[in-house]
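Engineer: Following this message is one structure expressed as structure tokens.
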Amino acid sequence: MSSQKPEKTKQKSLLFWVKPQDTKARVENENVGESCTAEIPEGSSESGQDYAAVESVRAVGSQLPLLGGRPNQPRNLSFPSKSYGNRNRSFQSGWFDRHPWLHYVESLHAVVCHTCIKAVPSNLISLANADNVFTRYGYNNLKSASEENKGNIRYLARQALPLRGNWNLETGSEENSDFYQLLKLRAEENSEILDWLRRKDDKYTSLVIQNEILQAIALCMLRKISENIQNATFFTIMADETADISNKEQLVVCICWVGENFAVHEDFIAIYPLERITADHIVAVLKNCLISKDVRIENARGRCCDSESTMAGEKTGVATQIKTLSSKCLYTHCYGHALNLAAADAIKSVKCISDSLETEREIAKLVKKSPQRNTKLDKIRAETQNESRGVHAFCPTRWTVRGESLEAVLNNHIELTELWEWSLDICTDTEMKAFLQSASQGQQVAEEVCKTLFRDRSKAAFDLFWTGLLKRKSEVNAVTVPQLQRKRRATARQEVGYSGTHYFPSTPKEYFRHMYYAAVDVTTECIRTRFNQKDFKVYQSIQEFLLKAVAGEDHDEELAKVMAVYGDTDLQQYKLEAQLSLLPEVVQEMGYDTSRFDIADVLDFFQSLGNARKLLLSEICTLGKLVLVMPATNAASEHSFSALKRVKTYLCSTTGEGRLNHLMLLHVHKKLTWWRSPICL
């Protein structure tokens, strides 16, 4: 019998959730007073001020305003004040903007939750589970200590500072947390905060409350971002993978969209842990991300990521699968990553450059991996009064950092030479001694770089380069004069079938000129190979189409290419052709020179358009947004990686997925963190 009783109780609970029982509570008729006559439970921790005039609720219950479709929110009412210690406070009408669900009861001078009371008779919530303060008694406790908690949580999350600290699990003490210590610091300005912290219950400072506040703020921000993306219609998906401090593979998702003023926005959306690094799993995560943000994948017009097989595979890659869901979603390899790969390919192909960078990497490693040598170098730099930047680590995956590292070695050549001599004298490690002794516009820019390199592939350009090297060599006496290497003939096996004579450079300048030409040729070819992307030709056609239309040149070929991709869904050809005839006149009226109109002028033109001209050139504006919506680089994801390293450190390596996402949102969107929405806290 004892085993059957819990089973019946469980069945009864399940039936209650499946089919809730009708309640007797009524809030829209003359019996509304009956729902307000409940007595305060004995032993309740709520203060008497939270239950405004409970003894007279029955008497004034019939005077409560009937709950209609909208809550009662008087703006010009003189709200009575209440004393809290040495201060008098009253209800603020601005709270109606921040909390649109508030319903003011004038007879009680308190507020109730309009949504909650309307939900009770509809069985959306049960009266037993509803908060009595906001459904029956009315809330009029105007203390602001809880608001201080929310502001402090916003601040700590925005600055990527840990909230929890070292909690004492045995005593439940939170005094070592940054959140608690910040509250104590703020209490020096507001003594009510200190009184609040001394309470035993209802302090709203626990880990659970922190997570709920973080979640509420983050979701509020996500709704705003989602609304902006929906209003923009077109967007680009930006995603990249990284491993965090706890060795978990994380997928960072960002969205690029264009506002009405043609300003490009790249917003961090979320970070997802990946169980498997497969294209199918990543596509499923991206689809779930867009669905949860109420963004239609059919409106995706771009996909920016790296070129690994998982992301950019021609058969089953992420870009290919997304294109089957949205045929107009064009894939573009991140230009920053493409340029880095092109530089890496060129370095590997030219032995002289490869050896130079390897030597520089070893120099940086020998200095930065040894505190003793690093300290000695700083001392030598101080003696020589060298104010340039010191030697820093050589990053193998960031081409911009490589240039700074090479420049640092050149600027500290004398100091490094003295450091090597000192190291050889005190170093006892044989291997160490050996080391010391042997040590859219993006496409246009890439094409301009190739043209520049081609122009530099000349005898005059090399002579200028060689003169600069000799001048730099004269400033550093430790560098020896360039000399020719010993002549080496090819082996007999390599000379089979070869009847010509071997070529040997006669001077060091001639030797290095051939090396210079080889480096230019390889670099040019690598850049063209990496930047030759199929889908980007569509964006190139749009740019050429706009420029030719402004100049009044024939653009039928470019128009056909654009309409073949976007068809009649994004652009209507008959409207576009009519607006193109007006475009040159509008451009001239706005003070632009149509004979020298470039893509930078196109962007400035769109951003300076008024609302009337935007309506007049609606199809052309849509075309401009399609160009701008595709970013040149996936820098937003890279910046999110840096934010992840600041938020999830080795001290916070156990942060949960939900809390991590909320903290990332508040830290990345710093301006939006302090934005207050009517539906926010």
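Note that Cβ sites are derived from N, Cα and C of the backbone, with glycine treated the same way.
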Engineer: Among 26-48, 371-393, find the range that TrEMBL records as region 'Disordered'.
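Structural biologist: Going through 26-48, 371-393 one by one, TrEMBL gives region 'Disordered' for 26-48.
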Engineer: Against which stretches of its own chain does the compositional bias 'Polar residues' (73-83) lie, if we need a Cβ under 8 Å and a gap of at least six residues from its ends?
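Structural biologist: For the compositional bias 'Polar residues' (73-83), the nonlocal Cβ contacts are 49, 89-93, 96, 102-104, 106, 109, 140, 142.
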Engineer: Over the domain 'HAT C-terminal dimerisation' (600-671), what is the model's average pLDDT?
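Structural biologist: Value for the domain 'HAT C-terminal dimerisation' (600-671), mean pLDDT as a whole number: 83.
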